Amino acid sequence: METASSSKRPRCRSELAPDKNAYIHYSRSHRDGVVAAHLSWSVQQVSSELGRQWKALTAAERKSWIELAQFDKARFHTEACQQIRKQQADGQPAQLSIKRKKQANEPRQPDTAYICFWKSRRPEVVAANPSLGAQLVSKEVARQWRALSDSERQVWEDMATKDKLRFQEEIARMHPTLAAAPQSLSAVSAPLKDPFAPKPAKTGFQLFMSHNRESFTLLNMTINDFRTEMSQLWKRLSDVDKNEWYELATQDEQRYEREVNAYKLPAYMNSEAQRAHERIDELKGLTRGDPRAPRLPRNSYSVYLSTKRQEMAAQHPNHKNSQIMREIGIAWKALSDVERALYQRKAEEDVERFRAEMEAHLAQQQEGHHGAANHDQHDQQLSVVHEKVKARVVGRKQRKVIPPRRPKTAYNLMYMSKRTELLATYQMSHNECSALCGRLWRQMPEEEREPYKRMAAEDKRRYEVELEIYSAEVSQSSEGVLRDSAGSTSVIVDRPCE
């Protein structure tokens, strides 16, 4: 006979168990103890008591539960990556069968047959036995459910089927593609972050803002207005007052250095998925200064931008580039997680493309270094053989051919001319400085832009001249290598005649 527990929604074997946060782990561990101590409490009262106990924990007492949650998150990332690789090997679309995040105004989930029976019988059991606790009431309802025959259960099965149809109709009216769309892979797209890692040091202005953050909650202003107000207050401070915050920033830098030196990477940060993310970051760093390196991978927004930019420009031919970018940004923010899943998958495919091409590029460079080393060793052996025939000729030291610096645009030149002044005046971050320069450039009239445009044109001519010289030097260097290779071959052929 079917039991009450067997009527619950079973988890598919291929479905991943989602990771749980620290509070869920704590609640599952202590719930039985709270229920045993208070048998008459309802489920809501037990949950409230667990929440009160969790809030009363100190940071040291919470640390073990946070670490347990991080291990669970690393487990989920590893299993998700394994499932995605298996799907790709089988030629299936990569998707994760995990619980989808509930959206606002989403209809209630359908009830099973046992839940329908439980909702109907529980008030009767409570009225007949008012002294029973919540756990004993549920056990009594489960006993009555197990005693039902198949024909008696059919009534509740029909109710569950009807409720399931209700849910499907409501979810289809709410969003037609919500039920049939594949799961988003954003759950494993971001690398893990250690919550106990050293916090980066703050600047004097950031410490000044943190000190005055309490006034932000008392005043009716947005975060941007608060930043503007703090920037104005900071500019009005004297050098003596600013030195106090600079000293605190120096102490914070020393604190950060001590914590970084004493920090040890925990075991949950050494998962396979985390190592893959770190390898991608390492490969991205190796592309700097290498003109032959493959193109960097694009994120999901860049993929969306490349597909919608021409379409948006055709729809709004009179719009400026800044207006088109603003419209695309608004459209991107309006997309749901399901609609973003397509661009997320394309971005992950581009990451795999970059990883494969970069690994091949590094392997080719390593082979070139080995070939150059063997070539130098072979040249040394040949010089010893011909030492008696002719005097050794010391060749010129070949100069390393460096590609020319790319030309700067008019906006780049304006940004470079104003960056130092803005950073020193407003004590802002580099991202804030870039945003401010962008606004200044968009508001700048054409007569003020003209000097930067002339400088950009001169820099472009400089680049074209240097590029021609660079191409000629590369061609000459390649011809020299071919001549040296041909000469070495002839020497090896003539060697038996000696």
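The backbone N, Cα and C atoms fix where each Cβ goes, and this holds for glycine too.
Taken from TrEMBL, the feature DNA-binding region applies to 16-84, 107-175, 198-264, 294-362, 404-471. Summarising the annotation, TrEMBL assigns domain 'HMG box' to 16-84, 107-175, 198-264, 294-362, 404-471. What TrEMBL lists as region 'Disordered' is 86-107, 478-498.
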Mean pLDDT, the domain 'HMG box' (107-175)?
88
Using a cut-off of under 8 Å between C-beta atoms, tell me which stretch among 16-84, 198-264, 294-362 contacts the DNA-binding region (107-175) the most.
16-84
Residues of the domain 'HMG box' (404-471) by DSSP state, where helix covers H, G and I
57 helix, 0 strand, 11 coil
